[in-house]
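A short worksheet on the structure shown next.
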Amino acid sequence: MTPTTTPVSNPDALSTGTQDVHTLKGTLQRLAPGTPLRDGLDRIVRGHTGALIVIGDDENVSSICDGGFEFDVSFAATRLRELCKMDGAVILSSDLERIKRANVQLLPSPTWPTQESGTRHRSAERTALHTGVPVIAVSESQNTITLYVEGKSHMLEQPAALLNRANQALGTMERYRDRLDQVNNRLHLAELHSYVTVIDVVSVIQREEMLRRVGEIIDGDVLELGKDAKEIQIQLSELRGDNDRERESIIADYLVTDGIPADEEIHAALEAISHLDDKALLNPANIARVLGLPPTEEALDEPVTPRGYRTLNRIPRVQKFLMDKLIVEFGNLDALLNASVEDLSAVDGVGSLWARHITDGLGRLS
């Protein structure tokens, strides 16, 4: 039997600013170290009392609440700690500004599936699924804090463990960045001198994706650490650089399409690469297949010609629409490198000033 009550499908109605309280990301931001709610949770953990806390007091939540007592007081970490000494759940407002109810028995539909074994955690997971709002369970015996939201469960880690993991990941990311810079420079030289092979392109794409993945892992730790992650965030930004734009540029250069690739085709190729598991990513044939190139070992040494997006991207202030016009007109990077100022300025929308700027930029790069 399927439960008849459905989770909230439009969380925008309960947003605070640009942060949505119904998402894992939005809730983790509000549970970061130093926030009032996290302070209250840490007090509960230290007190070994356990807790069941619902973030939201809409009709879906009210419909499964039984007993307890209603009041409307401002949120305070100490107040939350005292109220959680009682057996029932505590209901908070969606903006976390008010404590609405306490000592409440939650009665979500028992037909919602749960993998939890403890009574408190089973109730928390089912309540989150039933209402669509975030629910927090604090284990009395294990001193752990588990968040249930968006059909997922997430156990909060101590800041020290998160910092240690993030720093280790930064070390890995630094090695990935060094290797990416090496293969990137090699590909750049090959592009300027017309000896690019498929494996040159694949090697760069592989390392760009590896850099993206480890950066995504660190993003999660940064989110959960909150204000404690400022230094890590700075290092992450430096190591990441302009990787997202560079990933789009290399796909735009080498994706096999009729004419210049559309944005949708570029994003579809990047999405396909992101779905490869780590082992599949290391197989050059899989990347070649996404690009529309022959996925054979022999074909990896075949020459390919770039359209010119990567090189034009290295020239300051050249916008994508100008790149498109130039590449439609000249076809590939070799023709662009051999074009004169007059040739470039004759392209519709380019003009003499941009033509001179682009010619000078190409000259400096080569």
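Think of each number as a place in line: the chain as shown, counted from 1.
In case you wondered, yes, glycine gets a Cβ from its N, Cα and C as well.
Under the heading domain 'DAC', Swiss-Prot lists 21-159. Residues or ranges marked as ATP binding site by Swiss-Prot: G88, L106, T119, R120, H121, R122, S123.
Mapped onto this structure are the features recorded in Swiss-Prot.
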| residue | record | Cβ neighbours (10 Å) |
| --- | --- | --- |
| G88 | ATP binding site | 19 |
| L106 | ATP binding site | 23 |
| T119 | ATP binding site | 10 |
| R120 | ATP binding site | 19 |
| H121 | ATP binding site | 21 |
| R122 | ATP binding site | 17 |
| S123 | ATP binding site | 22 |
Just to confirm my parser: what is the rounded mean pLDDT across the domain 'DAC' (21-159)?
94
Reduced to three states, what secondary structure does DSSP give H121 (ATP binding site)?
helix
For ATP, what surrounds G88, L106, T119, R120, H121, R122, S123 with a Cβ no more than 8 Å from their Cβ centroid?
L52, A89, G118, A124, T127, A137
Which residue counts does DSSP give the domain 'DAC' (21-159) for helix, strand and coil?
44 helix, 39 strand, 56 coil
